[in-house]
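Step one of this worksheet: look at the structure below.
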């Protein structure tokens with residue numbers, strides 16, 4: 001049943017994509033749907049594209065893992081469009097450039113800067129696209145029992161073929177359709193599950209019991225190598241073989257299933273995950289990110305800054321505003337998007353709390369990414385559960401498809417349009433080639449943490465394109481050399497810090513600032529850009545080029 | 001709604017769209033006349049001021065809420081109806097406020113570039 005729903009969804013996606021083929025003639029058609037999309041349709045498409053796996057599944061999973069503070073992620077995702085509305089949408093659309101690298105060249109007059117921007121697009125795109133495909137593969141594995149590689153290949157191919165056939169005109173309809181679908185498939189089951197839950201479960205949701213003992217015999221399916229600290233002697237069946245664990249640290253391999261008996265004490269997480277809050281505990285219930293020694297205020301602000309500013313710099317989102325007919329339309333699109341995204345995220349908390357009450361053991365294995373689709377079977381059984389699971393799976397799959405389409409488009413655009421200028425034919429082939437290249441990467445990175453990888457894409461975008469766009473659109477003094485210096489600083493600081501943070505688990509505030517560098521890397525990139533530009537010669541045409549972006553349309 | 005019309009864009013032609021070579025530097029075809037440049041400067045300034053006000057409100061809301069929750073941890077335990085108040089402040093409150101802020105900014109931004117709102121200055125261009 002679930003399989004049939006996913007196949008139907010894939011078919012509809014490809015069909016809607018094919019509908020766009022007939023009307024497409026030029027690169028402009030392919031990349032920006034010939035700039036004729038109305039604000040409402042475009043806002044639905046922007047939201048449809050933006051609501052990825054991280055929104056549909058990841059955030060609810062993060063509530064189990066990191067506590068109610070994880071609810072700040074979608075707030076930041078939505079706030080990003082307020083920034084887009086106020087600072088980027090209208091002047092960016094009026095610049096008339098097709099892509100962010102194109103904008104950089106038009107505004108600052110440097111071919112090499114354009115190529116560098118294209119490289120940054122590729123970095124952000126890959127950081128974002130690979131986890132999408134990974135999550136799609138895991139989801140298909142979970143619900144239909146096919147091998148992981150089948151799921152990855154199927155989703156990669158579907159996205160590549162749709163895009164190669166239809167381009168952005170197809171993508172606009174696909175995305176708008178998918179937003180409606182996702183909202184329906186997210187809100188509907190949330191309300192349905194709440195009604196099914198019954199008064200005692202609903203009371204538990206408002207105050208989840210602390211996860212200290214297993215209330216029933218519970219299998220924990222580890223996907224990543226995990227350090228555990230056992231607090232009392234426990235007999236655990238490891239892959240079916242009973243093992244007696246003495247109190248103290250133990251190591252679970254990434255491919256093992258541990259079966260804990262009813263009533264056993266829940267082991268604590270060790271290693272770099274020791275700081276994660278216990279589901280239902282006091283730290284978990286405080287709606288701030290980061291715990292104990294890792295200053296919660298700074299951690300929360302850091303995530304807010306990364307997600308809000310990162311949204312502005314995501315190349316696949318920016319290109320969407322070019323499908324509006326003019327600057328005014330682009331601005332309206334951004335404003336409507338804030339409302340659409342908000343209405344979607346209102347339901348996140350329902351899944352987060354249900355997941356914490358019903359599947360707290362995912363806290364141990366850290367496999368919270370697919371928690372949502374396992375919920376219906378815990379609340380009810382029989383056909384109702386099957387229907388709900390199928391609906392949620394379809395919604396999650398729609399999320400993967402929509403985001404991947406946009407990312408693939410931005411990636412192909414950067415490769416075929418900016419790095420090696422070419423026509424429509426090459427662009428189509430690039431779309432296929434990129435999707436083919438991403439599939440092996442997704443196969444290799446099966447153990448990547450989806451939410452973490454997505455946040456890192458936001459951080460890189462916030463540290464590079466955000467200062468470029470804000471200063472480029474509003475300050476005449478920005479020069480190509482300044483933009484270069486700032487973006488190189490932002491790129492190396494964000495990627496370097498996150499790499500370092502993963503390599504050496506420091507813990508505490510220092511470790512948090514390494515794994516979540518946005519709070520310092522974004523201001524640093526801004527400062528660098530301004531400082532180098534001030535010491536540079538501003539060309540005479542710079543002010544006119546910048547001012548044109550602020551003249552109302554049709555004047 | 002009528003089908004939106006295509007409008008002229010101001011950037012130099014994109015490479016790859018047409019096959020003729022593009023100059024290495026985007027020389028603006030026409031330099032802005034003094035009046036239009038002055039007008040553009042005014043509009044940019046007005047928009048920037050409005051953006052600053054909107055973003056200040058947004059930042060106060062989003063960066064201030066964590067401070068409130070940090071300062072008054074009891075909010076997370078204080079039940080108001082079904083869920084604790086502290087959770088509702090994060091899970092629900094920001095979205096309507098952000099949407100309102102966006103709507104308010106959109107109206108002001110569109111008014112700022114409407115020609116009749118510039119009293120006594122260059123009259124609205126003929127349609």
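Glycine is treated like the rest: Cβ placed from N, Cα and C.
Taken from TrEMBL, the feature transmembrane segment applies to A:71-90 (among others).
Per TrEMBL, the feature transmembrane segment maps to A:116-136 (among others).
Summarising the annotation, TrEMBL assigns transmembrane segment to A:148-167 (among others).
What TrEMBL lists as transmembrane segment is A:179-198 (among others).
Beyond the transmembrane segment (A:298-321), the same-chain residues lying 6 or more positions past its ends with a Cβ under 8 Å from any Cβ of the stretch are 31-32, 42, 45-46, 49-50, 69, 72-73, 75-77, 79-84, 87-89, 92-93, 98-100, 121, 124-125, 128, 168, 288-290, 330, 333-334, 403, 406-407, 409-410, 413-414, 455, 457-462, 464-466, 468-470, 509, 512-513, 516-519, 522. The transmembrane segment feature in TrEMBL is assigned to A:298-321 (among others).
Here TrEMBL flags A:333-354 (among others) as transmembrane segment.
What TrEMBL records for A:385-415 (among others) is transmembrane segment.
Residues 27, 30-31, 126, 129-131, 133-134, 137-138, 148-149, 152-153, 156-157, 159-161, 163-165, 167, 408-409, 411-413, 415-417 of the same chain, all 6+ positions outside the transmembrane segment (A:427-446), place their C-beta atoms under 8 angstroms from a C-beta of that stretch. Annotation comment: TrEMBL describes A:427-446 (among others) as transmembrane segment.
Within its own chain, the transmembrane segment (A:452-475) has Cβ neighbours under 8 Å at 52-54, 58, 73, 87-88, 91-92, 95, 100, 103-104, 107-108, 117, 120, 123-124, 127-128, 130-131, 303, 305-307, 309-315, 318, 482-483, 486-487, 490-491, 493-495, 498, 516-518, 521-522, 524-526, 529-530, 533, 546, 549, counting only residues six or more beyond its boundaries. Per TrEMBL, the feature transmembrane segment maps to A:452-475 (among others).
Listed as Cβ neighbours of the transmembrane segment (A:482-506) (distance under 8 Å, sequence separation of 6 or more from its ends, same chain) are residues 104, 108, 113, 116-117, 120, 123, 271-272, 456, 459-460, 462-465, 467-468, 471-472, 513-515, 517-518, 520-522, 524-526, 528-534, 536. Residues annotated as transmembrane segment in TrEMBL: A:482-506 (among others).
Long-range Cβ contacts of the transmembrane segment (A:518-538) within its own chain (Cβ-Cβ under 8 Å, at least 6 residues beyond either end) map to 298, 301-303, 305-306, 309-310, 458-459, 462-464, 466-468, 470-471, 475-479, 481-487, 489-490, 493-494, 497. Taken from TrEMBL, the feature transmembrane segment covers A:518-538 (among others).
A:385-415 is the stretch from A:71-90, A:148-167, A:179-198, A:385-415 with the greatest number of Cβ pairs below 8 Å to the transmembrane segment (A:116-136).
Proximity of distant same-chain residues to the transmembrane segment (A:179-198), defined by a Cβ-Cβ separation under 8 Å and at least 6 residues beyond the stretch ends, is recorded for 44-45, 47-48, 51, 56, 205, 340, 343-344, 346-347, 350-351, 354, 375-376, 379-380, 384, 388, 391-392, 394-395, 398-399, 402. Scored on C-beta pairs under 8 angstroms, the neighbour of the transmembrane segment (A:333-354) with the top count among A:71-90, A:148-167, A:385-415 is A:71-90.
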